[in-house]
Amino acid sequence: RINLIYGTISDYCTEQSCPVMSGGPKYEYRWQDEHKYRKPTALSAPQYMNLLMDWIEVQINNEDIFPTNVGTPFPKNFLPVVKKILSRLFRVFVHVYIHHFDRITQMGSEAHVNTCYKHFYYFVKEFNLIDTKELEPLVSVWVGSGT
């Protein structure tokens, strides 16, 4: 669902409009992986999003991390991998809310995006899957909305 939400604004999230993956002036997200970007690297939002979605797909299709056979135990690193996936997905919400919510509103999709975000937020909070510090960029957005 998060990928679909991003897809609705992706025509407006370009190298020119979003040269840095960020959530406003206080939060910049850098990409790091085990292959090409071994050090945290500043990328445009579209580059970051493409790498993120590809990376997540590799993770969730990896049988060593997400076993599909009944009786196969989850690995010891399962929870850290899930937390990293969810933390990075949260950054998509941050970017969309801070930089593209006007477009979401123009399309009349704010109720859908808000509902998706609330489900995501309550899930990660209930199971302590994202560090509270990571959630800070949207605190003011939600406090101001009365949510």
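Just so it is clear, glycine is given a Cβ too, placed from its N, Cα and C backbone atoms.
The Cβ of His100 (Zn(2+) binding site) has 22 neighbouring Cβ atoms from other residues within 10 Å, across all protein chains displayed. Taken from TrEMBL, the feature Zn(2+) binding site applies to Cys13, Cys18, His95, His100.
Taking Cβ-Cβ distances under 8 Å and a sequence gap of 6 or more within the same chain, the neighbours of Cys13 (Zn(2+) binding site) are Tyr6, Ala45, Pro46, Met49, His95, His99, His100.
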